[in-house]
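Undergrad: The domain 'Kinesin motor' annotation in Swiss-Prot covers 11-366. Sequence annotations record features per position, and here Swiss-Prot assigns ATP binding site to 89, 90, 91, 92, 93, 94, 95, 96 based on sequence analysis. For 443-462, 763-785, the entry in Swiss-Prot reads region 'Disordered'. What Swiss-Prot lists as compositional bias 'Basic and acidic residues' is 453-462. Among the features that Swiss-Prot reports, coiled coil is placed at 525-638, 863-895, with the record citing sequence analysis.
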């Protein structure tokens, strides 16, 4: 492959991807120490600020990075430019997630899957104009060995080698070697390149290689990549060109242009520290090789990124590792490169994050020279065609002869014939493609299916012909048939509608008839009823008429008689009528009176009933009120009891909170003092280191000036070298001191974060509801605090965590600067100022003397430590003896208490006359020594044996003052008690005073031992100092 086209320099584009805090970092209480400036591609950590081409924070979308950084590289790939995407950063910073090398099951997460989609989408749009061929390869560099992840033989061996991630030796297959062609292109001899034509095939290759890649678990990452992986996509394209003829018209002849470009997608293994990852054995060796390759990459970036070195033509150490050798074109060569720096925002990773940002900032200065990669033959043909066109144009301008015109016509005829032949060739090629496709289908299916497919095709063709004939014959009748079908369909719909309506009418008619039958039955019954009534009325009418006729007959008979009798009868009837009318009036009055009485009675009954109802209602209300009063009283009693109980609990809680508050205040104050002291120590160490680093430059210049002087300044030069060596050693010690303070501060922050996590967990559990038990001691300890105390403690811990995080970031910055200066100083040469062998010998002699003095001091310190250990052993032995004596004294005190209790009980009952002399004799007969209680004098704690030597020595010094009290006679004890105004002198006066003395004490038997101890102490304090017996140690 040969490069063509004009080359233009372009810088390496750098993008920074800040991942969010992960779960483990949140549990540890890590704070975000990286700040992304809104609206600007800037990132800030501590006092350092960096500007890059692109910065993506934790809230940025992954599609933004692809659209802004990767899409231009994919477009350039179709133009023939090589491209490289490089993911660099600390272990666990999200490089594999960002690149997408952990491809599984069609996942679209990461840059590589998006690149594949964009590639095939663009190929689909251009496949009618350009012929494409795609090849992929996938390798990894594990422990400086290149492994092919797409090799089938390697895949068969990968399962057996999964326990050991070392080199897999495949029989009969040579190892992959890195070669460089004559034109400077880096190639891999022996690697597998797979041709792919679909997105699915390329995804299968990526997934296959991802599963074969070496991974492992560390303390910082469960799925840590243990190798550098490079996924390469090679795009070959054949472009067809239409050259222009000499007369300016487009020529029919076709020419081809072959372009080949590569896209390297590099997922580097993360830099790691063995102390933090906790790796050992095989993991440790892998980490060493990873850091070695990244160090070589950093040296290459430093050499290419320094403009001064680049102008001076300083050697670039590409050959220091296989990683830099493979990335030789990507860094400073024929490629467009984008470097993605993945960083962690956690303050615990501040040092590694700062180093990553410095490397990325240095990589921005690297200048690449990308060019279009063309085939040598096509490039030469293109040049010759351009030259031919130029000559033809010049010939036409000068006016050619007739022979030239004939030749031009012949050329045009030949080109037309060539074009016809090309068309025929294209048709034949398309037919061959169809035939090949049919052959593939025939191979996939059975002969019967192939034959049936052919018959079906023939049948379809004949049916199509028949259909065409029928359409031509009955084309005119089709409209009439369609109209008849439409009318028939409309009639059917109308008929169905009318049937439905008829059915509905029938149903309604049946309902009305049934209603009429019901109404007819009622009419007959009414006719019968009213007929009977009419007959009854007619009978009554006839009876009344008969009565009337009879009365008229009587009247006629009477009128026919004499008038006297008529008058007499008339008078009689008149009197009877008057009497009857008088009776009727009386009856009416009585009836009215009865009616009034009935009304009054009804009113009184209603009033009585109303009163009775009111009485019942009042009684019910009375019962309800009594029941309610009882309930209210019970509720008030319960409420009062609960309030009193709550008041007691609140008082108790208040006392406990007050105690906890004082305790937490003391703890916070102590932790703040410790944290402040450690922060001040760290600040002093970093300040001292900074001053030493600044002084190193001036000292180096002074030493260089002294070294360039004449020979008379030999003594001065020697002293200067000695001062320079002392200064370098002091710088090294201070760097170690700052590193030690950094580790201590990390441990303190981890402890604070653990306590904060426990308290937040307890707070969350309490907010959800009280839990029956706590699984961990930390949770139990956190649950013992009250909510207010817990909130105060959480706030204090968060404040201290903030201080600790700021201190960690500051120390990480100083350590990074110190390491960078040390690396730069080491690269320039530490011993360049040694100008002669004599200076080297003098400096070596000085170093030997200093080392001897250090060894002597170390030997003396070792002797002192051994002596102190022996003293500590003796003190621990004495302490154990004192503890044994203390236990014996406690046993003796228990025996004495039991004896005193028996004596008191016996004296109180009067059953047995036991005097104090028997107790005195019992005490005299005891041979075990009695000492002053250690709990009061020494503040004894069970763990004092494991305490520091200073406390042990103080304890032994106090035990020397202990007195064998049991050896003293009771008379001396009594006398001493009397002299010291004690209470034992009253015991010997009489039995009555004995009882009086113990009367109120015996009411509290649990304080008897305390009272006896207090009496013993009083006696001991009252003894003269000359009589005190001490132990000799």
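Each residue, glycine too, has its Cβ placed from N, Cα and C.
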Undergrad: Relative to the Cβ position of residue 90 (ATP binding site), how many further Cβ atoms are located within 10 Å?
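TA: Taking all protein chains shown, residue 90 (ATP binding site) has 24 Cβ neighbours within 10 Å.
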Undergrad: Cβ within 8 angstroms of the Cβ centroid of 89, 90, 91, 92, 93, 94, 95, 96: which residues besides those meet this for the ATP site?
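TA: Those within range, site residues removed, are 19, 221, 270, 342, 344.
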Undergrad: Sort residue 89 (ATP binding site) into helix, strand or coil using the DSSP assignment.
TA: strand
Undergrad: Can you tell which of 89, 92, 94 has the least company, meaning the fewest other C-beta atoms within 10 angstroms of its C-beta, among these binding-site residues?
TA: 94
Undergrad: Using DSSP and three states only, what is residue 95 (ATP binding site)?
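TA: Helix, per DSSP.
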Undergrad: Let me know how many other Cβ atoms fall within 10 Å of the Cβ of residue 95 (ATP binding site).
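TA: Cβ-Cβ neighbours of residue 95 (ATP binding site) within 10 Å number 26.
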Undergrad: Run through the Cβ atoms and count how many others sit within 10 Å of the one on residue 93 (ATP binding site).
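TA: For residue 93 (ATP binding site), the 10 Å Cβ neighbour count is 28.
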Undergrad: 10 Å Cβ neighbour count around residue 91 (ATP binding site)?
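TA: A 10 Å sphere around the Cβ of residue 91 (ATP binding site) contains 24 other Cβ atoms.
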Undergrad: Is it possible to get the count of other C-beta atoms within 10 angstroms of the C-beta of residue 96 (ATP binding site)?
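TA: Here the count is 26.
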